Amino acid sequence: MNKAFHILSAQNGFAAILVLAAILLGFMAPKAAVNVDEQLHYPHAKKVVNWYFTLGEDRSCLDTPKSNLKYYGQSVDNLTALINRVFSIENEFLLRHYAGAFFFWLLLLFSGMIARKVTGSYQVATITVLTLLLMPRLFGQAFGNLKDIPFATGYTAGVFMIIKFLKEMPRPRWRTAVFLGLAIAFTVSVRAGGFILFGYLALCIFTFLFWKPFYLNSVSTKPVFVRLTGQVTVILFIGYFAGLLFWPFALQNVFSHPLESLNLMEHYSVNIRQIFEGELTWSAQLPWYYVPKWLLISTPEFIMVGLLFSLFFVVREFIDRKYSCENCLYTIFILFVFVFPVVYVIAIGSNLYSGIRQMLFVLPFVGILAAIGIWKFVKWLAGNNKKLFFPSITILIALAFLPVKHQAATFPAGYVYFNSISGGNKKAWSNYEYDYYFHGIKQPADYLINLAGNDDIKVVMNCNLTNYFSTYPNIEVGYSRYLERSSTDWDYAIFGINYIHPHLLKNYKWQTTEVIKTFYHKGNPLAVVLKRVDKNDFYGIEAVEKGNFTEGQELIKSSLQNNLNNVWLYVQLAKANLLAGNASEFKKYLNEGKTIHPFYEPLFMLEAQYYYNEGQYVKSMNILKELVEINPLYPNAQALKNDIENKKLH
Amino acid sequence: MEKIKKVIASLTGILLSIPYRLMAQDEGSYIENLGVQDSSYMEEGNPIPAGSAAEQASGSGNTVIIIVVAAVLVIAAVVFFILRKKKK
């Protein structure tokens, strides 16, 4: 009776936490921020839907030479575009955020079910849901990230169905086979990487037969063999083809295009500048340990402790020769589906960026392992060391409270979380990529909308989140990089503290007197709103571009008086003097610019150009080498290098 | 007379070379656009795998739609019959 009551309570606990999570997600979704990828994928999703509506006549979704979007299945994005179109929903992002919340909830459900399947305990399932909710990097992207979260959901559902399939061996149910095929299909429909689940299935079947060789007799009988072969065929057929149905590019050639996409995703060609270990670098140049380090610095302490316990108990069970137990093997499988993708992307040298965003799908398994570890530890304490039971539980609860507090305090930018191993958020700012998804723009946008009232204003941002102003015709929105803002015409500006060199961040040289409000995240500047005092800088640069060097310089200098850290204005003054042939003034502004930002590429380019003009090619070349060291993708640097090399040859 | 000829020749040479010098100066200027990119989205070198161009698409729009509808029906039927059979 007691046992039955106990099981019932744990099961109810699992159900209750899922219901609570659903309420929480439903409450949070309308308040969530839009991220920069939504502005990329959603317009594409609309084109995809139109491709179907026009029976393939509108082929714009297949023409994505720069963004590579056609290589994404992005089925959930497409689904939201379809629903918004069919039901003419005005607030398109709201539906997207509810869709994200739904798939995150499914992720909680499947993760919990895996934990239950592996351990046979609903207590672990409940702890698993908790651990996932305590992962800010995962939970914080539940609403707007409709590619990584649904992909994680599909991946987790696929692993769950594989475990279920194995548990039913040697005669798995047909229903299991069909749902496994559908889980793989869904994962592939989000991103081609879902094909990995086929590999896992094959590996698991072989491991199963190796682990339980006596089943070979059963499997080799004709009825079982035929049934199993049929089921694997159904899984392959559904998993492969059903995943392509809502992916126009894949449908153009169902055999070669998905694999082409997979190849592209493994070596993604988009290169984005990232701050990592205090350096600004291109994503393609990041070191091999990028993902492991991010996992280490962004996983909450509570999860880390649980993971360590889990590894400890796995090793102990191996030493105690308990590895033949079924649950141990499934725990190892969970460990494998977490570790393998990480090792794989390192081995093939994938181009990764935005922290662990592209690897979010392994986090549920970190959560499951952590939950298993904590559960086993608590059980062990209760049985062996009752004195330490309550102090240990208190410490675990205290650790679990850290990400809860973080998320409550920082929503909608709660995903920006660094654990105490990295020194916390305070130390991570300016050393690691911070709000890469620009969630922090939501509040400044709301602030500016209130500030503008009915006035006609021009606003620039260093991101594509124009959606915040789409219903305000009096606000014209444009794009500008932060440091180059003087070259653009604007009245107000919103800048996320992104793509700014750590040197400027650490030395407060990024700041400007134009800032009227700074938005903080755990004490770190996340975004700023700027108001332009005058447009002398903009008109001055315009005058220099037209060749009116004297007039242009006067205007720029007057602007510089209020803006001593504006390195772009020093660049413009140096450029104006170089073009006007005034070498001493050129050098003066060049040096002043370098005092503010010693790593600023335009200053190096101007210096190299100066020496080139003077015929001092060796000096010019040396400057260019320094420039390429700082930024190998800086435009024109290579062209000037080639020019000098040609001159040397002739 | 020799000297005058040399001076005239030199002057003519300088005058004739002016357009070339100006052209060389234009060609040798790399500071028109000094902006610093944050991502390669807008830059060259964003390779598109060979053979992936949209114009190489093999099926017409209608054919693809027919395939999609047929595949949906087949998969739905398989799922329906399997689940129905299991209920029995």
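Yeah, the Cβs are placed from backbone N, Cα and C, and that goes for glycine too.
The transmembrane segment feature in TrEMBL is assigned to A:95-115 (among others).
Within its own chain, the transmembrane segment (A:122-143) has Cβ neighbours under 8 Å at 7, 10-11, 13-14, 17-18, 21, 24-25, 28-29, 32-33, 35, 96-97, 100-101, 104, 107-108, 111-116, 149, 152, 298-300, 302-303, 306, 355-357, 360, 363-364, 366-368, 370-372, 374-375, 400, 403-404, 406-407, 411, 413-417, 437, 439, counting only residues six or more beyond its boundaries. The transmembrane segment annotation in TrEMBL covers A:122-143 (among others).
With a cut-off of 8 Å between Cβ atoms, the residues of this chain six or more beyond the transmembrane segment (A:149-166) that come close are 75-76, 100, 103-104, 106-107, 110-111, 113-114, 117-118, 138, 141-142, 172, 176-177, 179-180, 183-184, 186-191, 193-194, 196-197, 200-201, 204-205, 208, 330, 333-334, 337, 360-361, 363-365. Residues or ranges marked as transmembrane segment in TrEMBL: A:149-166 (among others).
The transmembrane segment feature in TrEMBL is assigned to A:173-190 (among others). Same-chain residues lying 6+ beyond the ends of the transmembrane segment (A:173-190) with a Cβ under 8 Å from its Cβ atoms: 72-76, 147, 150-151, 153-155, 157-158, 160-162, 164-165, 197-198, 201, 231-232, 234-247, 258.
Same-chain residues lying 6 or more positions outside the transmembrane segment (A:196-216) and placing a CB less than 8 Å from one of its CB atoms are 155, 158-159, 162, 165-166, 169-170, 180, 183-184, 187, 232, 235-236, 239-240, 324, 329, 333, 337, 341. Per TrEMBL, the feature transmembrane segment maps to A:196-216 (among others).
What TrEMBL records for A:228-250 (among others) is transmembrane segment.
Per TrEMBL, transmembrane segment is recorded for A:294-315 (among others).
Taken from TrEMBL, the feature transmembrane segment covers A:327-349 (among others).
Taken from TrEMBL, the feature transmembrane segment covers A:355-375 (among others).
If one looks beyond the transmembrane segment (A:387-404) by at least 6 residues along the same chain, the residues whose Cβ comes under 8 Å of a Cβ in the stretch are 130, 134-136, 300-302, 305, 374, 377-378, 381, 417, 419. Among the features that TrEMBL reports, transmembrane segment is placed at A:387-404 (among others).
Counting residues 6+ beyond its ends, the transmembrane segment (A:327-349) has Cβ neighbours under 8 Å at 114, 117-120, 155, 159, 163, 196, 200, 204, 207, 211, 266-267, 288-289, 291-292, 295, 310-311, 314, 317-318, 359, 361-362, 365-366, 368-369, 372 in the same chain. Sequence-distant neighbours of the transmembrane segment (A:355-375) (same chain, 6+ residues past either end, Cβ-Cβ under 8 Å): 107, 110-111, 114-115, 118-119, 121, 123-125, 127-128, 130-132, 135, 137-138, 141, 145, 148-149, 151-152, 155-156, 159, 291, 294-295, 298-299, 302-313, 331, 334-335, 337-338, 341-342, 345, 396, 432-433, 436-437.
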